[in-house]
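Let me begin by presenting the structure, written as structure tokens, before commenting on it.
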Amino acid sequence: MQISDHLHRFLFENTPVRGSIVHLDDSFQQSLQHHDFPQILRQALGELMAASALLAATLKLKGGALVLQVQGKGPLKLLVVECTSDLGIRATAKWSGELDGMSFSDMVSNGHFVITLDPRDGGQPYQGIVPVEGGSIAEILQSYMQRSEQIDTRMWLACDGKRAAGMLVQKMPDQPDAADPDAWNRIIMLADTVRDEELLDLSAVSLIKRLFNEEDVRLFKEQPIKFHCGCSRESVGNMLRMLGEEEVADILAEQHTIDINCDFCNAEYHFDEVDAEQLFTTEIVMPGNDVRH
């Protein structure tokens, strides 16, 4: 049964509890194909990708994107995942030195977790930054949601280096629970019995049946997930414009060409003196906006 690269949302009837289940296969592999990540880093990146899709499905992005970052002070320098409102996802990581045998806490070493909601419509992005608290991706996100958003959220994430999967259960804000006051605790107790191999191997239908067989669960239509990198020559050109004509000229005088590789998809962009001259004699196009001069 094909269960990869889909997200399923579900709702516990007559309770203030909702959830979602995600499976990533091709989208995860495409994020890795241009990088030689160590196994422990592949696992962390896969878990963050699953988490980003789960959170994006609960937010009203309306054409925007959710960006999750773990900024480390240890050997792991950066994990970053971007997930758009239509579940297009991309990810990358930066590290130095040996990671094998290290715990997640040791890799990050007192780093920070950053969540950004980018409306992509010219509006002001929202960004939250908190210290990394917890020994796993799931614990970091649960702590953030509880402390910064005041929303009870639990997350279970798994990655075997080839596939990633996850499940989120969340208590909906401003929803009365008088009809079933024990629902949240009962559902979390059941969800806590899930095993990593079940997250990875079972379809959403089978997993819900296994965990919540006695509950009244409404499962919504699956949503496809795909790898998507939004880089382009135009966006790279706009970035060079922001550096300024003088600095770009200095770089070209030294290197003759400016070569830029996308960290997400490894696309290559090359700019020479003729390209640079065109950059600074044409209008800047801002994504999601009208042309600006």
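Glycine is no exception: its Cβ is also placed from the backbone N, Cα and C atoms.
Cβ contacts within 10 Å of Cys231 (disulfide bond), excluding its own Cβ and spanning all protein chains shown: 17. Taken from Swiss-Prot, the feature disulfide bond applies to Cys229-Cys231 (among others).
Positions annotated as disulfide bond by Swiss-Prot: Cys262-Cys265 (among others). For Cys262 (disulfide bond), the same-chain residues that are 6 or more apart in sequence and have a Cβ closer than 8 Å to its Cβ are Cys229, Cys231, Glu268, Tyr269. DSSP gives Cys262 (disulfide bond) a coil state; it is part of no helix or strand.
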Neighbour tally for Cys229 (disulfide bond), based on other Cβ positions within 10 Å of its Cβ: 19
